[in-house]
Each structure stands twice: as C-alpha cells, then as structure tokens.
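Participant: I'd like to ask some things about the structure below.
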C-alpha cells in the first residue's frame, strides 16, 4: 500500500515548495524506496500549454506528452524517474472532467458541488497515481498558498485522504517563510503561526514545518514555532538559501528529515545512500572556471521560461568542471547593425525554443554568426528551424525562405504545418512527448548518443519541408536524425564545422544530475576543446 506526503506552502508564494518536495523524493529514493510525484495547480487553465511564458515560465513535457508545470522538471531531475500526465493536474482539468461528466449524465441528475464532486475528482487523481505507479510513496505538491480561495478544494481533498488513510499513511509537510527583521535584528514567527492556524481551520495539522530563510534558525525560535504550531521541535526543519538547488537534499538529510518521514509512515527503507548526491556536489565545488554562452531567446526577461535548458547547461558544465556564465541576448534587439558586436567573444551560442514571429530575424543572425565564425552552436526546436532557414537564405540565396508560421506567402516554405495537425485549436494540438529518432550512421549526433537512436521529447506543430532536403544537402547541411514513421526531420548538423547541431526535439527534458543529455554534453565539450 502506498504512503502519501502532501507539501503545502504558507506565508508567501515562491518559497521553493517544488525543491522541497523534490528533495524529499530524492532522500526517499536514496533510502531504497520507489517514489512518484505530482503537482496540483489551482489555476483554471486545463494545462499550461497555452499560457504565456511570461505568465507561467517553462512548459515541461512528460514522456507521454503532458504539458505541465516547470516543477515537474525539478521532480524528474531530483528523483531520476520519468513522470506522466498523472503528475500534473489543474483546477481547470478537474472542473472540466466533472462538468463533462455532468453533461453525459454520469451523476444521475444530482446537484454538482465542490464537495463531494470536485474533491472526489482530486482524490481520484492521487489514488490513481498510487495505483498506476505502484510506488511506495506518492509526493503531491499543492500549488499556491494556504488561505488562497483557489486552493481550498485541494486542501479539503487532502484532509479527507488523511481521514481515510490514517496518520501512519499520510503526512503533511508545510513550507513557510521565517521572517528576519534587519531593523530590530530578530526573527518573527507570527506569520508562520497564522499560516498553521489557517491550515488548522481547514482541518489539517502539519507534521513537519520547513522554514525558509537565509540562515539557520536559533533553538529558541524553533521552540517557539514548535509550541505555538503544535509540531515537535525535531520536526522544525531549516531550509536555508543555497548557491545551488542540488545542495538542498544533503542539507535536509543532515537534519534527518528522511528519518522523520520513514518513522511516521512506517516505511520499510534501507540505510540512506547519498553517495551520488555527494559526488555531484563535489563536481559543483570543483567547477570554478567559467565558460560564457550567448543565450539568444525571446523570453529572456523571465529566465524560468528556459528553466530546463539552463539546468541542462549547468549539469553539462559541471561534468567538465566548468561553471556556466550566461550572456542573455534579447533576440528582437539583434539586427544587421549590431549582431557582430553583441555576439563577439561568444564561446558558444544557443538558440532555444519558442513560438511566434517576434525575434526570428535576430535568432537567424545569431545562427549565421556561429556558422560563419565556427563557434559551437546548439539549436533547440525553434533554434533548429531558424538555423535551417538561415542556411537556405545565406547559402542558397533564397532571400524569402521562411516558415509558414512567420510568412504564409513565402515561395520557399522550409517549414510548414505537420500533416494532419489541428490548425484551429491551440491547446493540446502539438506533436508532444517522446518519439524515436533514427540517427544516421557516423553522424556527429550518433556519436554523441553512442547509438543509432535517440529517445527525446517534443513540443512543436511545424516540420521541415522535405522538398528542400537535396538543395540544403548540396550546401553542406546534413539531416542526421529522422522520425522514420512519418519521415520528419529531427536533427540537422554541419559536418564542416566543429559543432553546429540543432534538434527539433527538446533534449533539456531528459538531463539529470550526473547524467547530462548527450547534445548538451557534446555542446559543452566542443566549447571546452575550442578554448584550450
């Protein structure tokens, strides 16, 4: 029978509930337990797939094509497990399923209410995750802050789960902000007390309180929190600021958080083995020399829009004992008059994914600069498309070469809608999830993967137009990765250059600590070797 841990947040949002939940998952997995994780978001969107990156940040894609919250990227990287659509549920998805059921008459004419119908649907997602994953522990993060009106159905649902399953099977971890007032030089615990009281008014008593702060809390402060929040002092855990999120599991392990959980939930665990985490942290410690990468994107004002790409770069850098320094370049501010000066001294250039016309010309200039100066280049999704279009314009002299996404009237549509895709609806209509890419023998990408196939995830609705393959091959572009089932181009490269590789798929979604994705590892290796 699965055990359940629910992670909630109080006082303010943005405290790092996702990192806390991920770290708990990492500690339990290091204790020999099978872990599954999920996120409940209170917003009414069905999923984040149609949300602006400025509103939501990155859309993380699961292996089965779920468009999910960026916290799932943390989950997968920390517990090194592939999650599914079951790992991401929104209020919108819950309400939609309940209302659709009502329209079909499955409720036998009953009045549809938040309790029990919405709460039952939420509980079903939790129990379904336990059944399908067969995990020892299900860790569920509840988005938002306790007290938010949007979160109340989720709080009520997890209260009911505790009632149904018992304290020995359900645990509540509450993440809060411990305030430090610099003027009076003292900690203030009242916001924590009020947050716990708000939870108590909803029928939930936290078992563990995780205090976010920039330094360890004194014993008397922990005693005060323990007294007024009715939580044992041993269960008041410090979560202090770290220079890397990958230090958090070790910091929590030092406070025996895993033992507290294992004891309450009566889990049959092994002695914890943190050797991989310690090894990874040693890599971080030894990475002092910087390499600078120009990151040419559309949404750089919100770096969370590229979270998995950034983490993948860091992970690959640490593999070579290098610290990654990002030079942020706003794509729509690059033009013919300034791109050479802006990109001068770049050790590597990366163009990530995105949608829409804005910034496209600047991205093409970045791709051209990398190609003409033999600077290692990695293009992802849109970055692959603009690299290919740039080659068509510059080397084939097709000045109007484009994608029909940006110019429906182009006479050289290098990229067009994927055949059979829904053009009328936006949500859930992309080519999504893990696909098998066949890699061409002796290509650079096949050497990087050390295989003739790559299993990577996708999120796009435009594909390369195969009518132009021979023309582009004639100027040196190699089509080294193909989705054979539908003859979709997945990877292109320029063999004449040190490293010029671009993929339609998103390799950032499969990077893990100690296991960088081959494309990122190859990209960083090329930069290191190019700067010896």
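Note that Cβ sites are derived from N, Cα and C of the backbone, with glycine treated the same way.
Not my notes, these are from Swiss-Prot:
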- 381: active site, nucleophile (ACT_SITE)
- 506: active site (ACT_SITE)
- 508: active site (ACT_SITE)
- 13, 188, 189, 190, 191, 192, 193, 224: UTP binding site (BINDING)
- 13, 148, 149, 150, 188, 189, 190, 191, 192, 193, 224: CTP binding site (BINDING)
- 14, 15, 16, 17, 18, 19, 71: ATP binding site (BINDING)
- 54, 354, 382, 383, 384, 385, 405, 461: L-glutamine binding site (BINDING)
- 71, 141: Mg(2+) binding site (BINDING)
- 292-532: domain 'Glutamine amidotransferase type-1' (DOMAIN)
- 1-267: region 'Amidoligase domain' (REGION)
Participant: Could you find out if DSSP has residue 508 (active site) as helix, strand or coil?
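Facilitator: Its secondary structure by DSSP: helix.
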Participant: What are the other residues, in sequence order, whose C-beta lies within 8 angstroms of the center of the C-beta atoms of 14, 15, 16, 17, 18, 19, 71 at the ATP site?
Facilitator: 9, 20, 21, 141, 175
Participant: Give the number of CB atoms, excluding that of residue 15 (ATP binding site) itself, located within 10 Å of its CB.
Facilitator: 19
Participant: Please report the Cα separation of the residue listed as 'active site, nucleophile' and residue 405 (L-glutamine binding site) in Å, rounded to an integer.
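Facilitator: Residue 405 (L-glutamine binding site) has its Cα 13 Å from the Cα of the residue listed as 'active site, nucleophile'.
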Participant: What number of additional C-beta atoms lies within 10 angstroms of the C-beta atom of residue 71 (ATP binding site)?
Facilitator: 26
Participant: Please name which of the recorded positions listed here, 19, 149, 224, 508, is nearest in space to residue 405 (L-glutamine binding site), Cα against Cα.
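Facilitator: Nearest listed residue in space: 508.
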Participant: In the predicted model, what is the mean pLDDT computed over the region 'Amidoligase domain' (1-267)?
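Facilitator: 95, rounded to a whole number.
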Participant: Out of 141, 384, 461, which of these binding-site residues is nearest residue 19 (ATP binding site) by C-alpha distance?
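Facilitator: Closest recorded candidate to residue 19 (ATP binding site) by Cα: 141.
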Participant: Say you check the Cα of residue 385 (L-glutamine binding site) against those of the binding-site residues 14, 188, 189, 192, 193; which is nearest?
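Facilitator: Nearest by Cα distance to residue 385 (L-glutamine binding site): 14.
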Participant: Kindly assign residue 191 (UTP binding site) to one of the three DSSP-derived states: helix, strand or coil.
Facilitator: helix
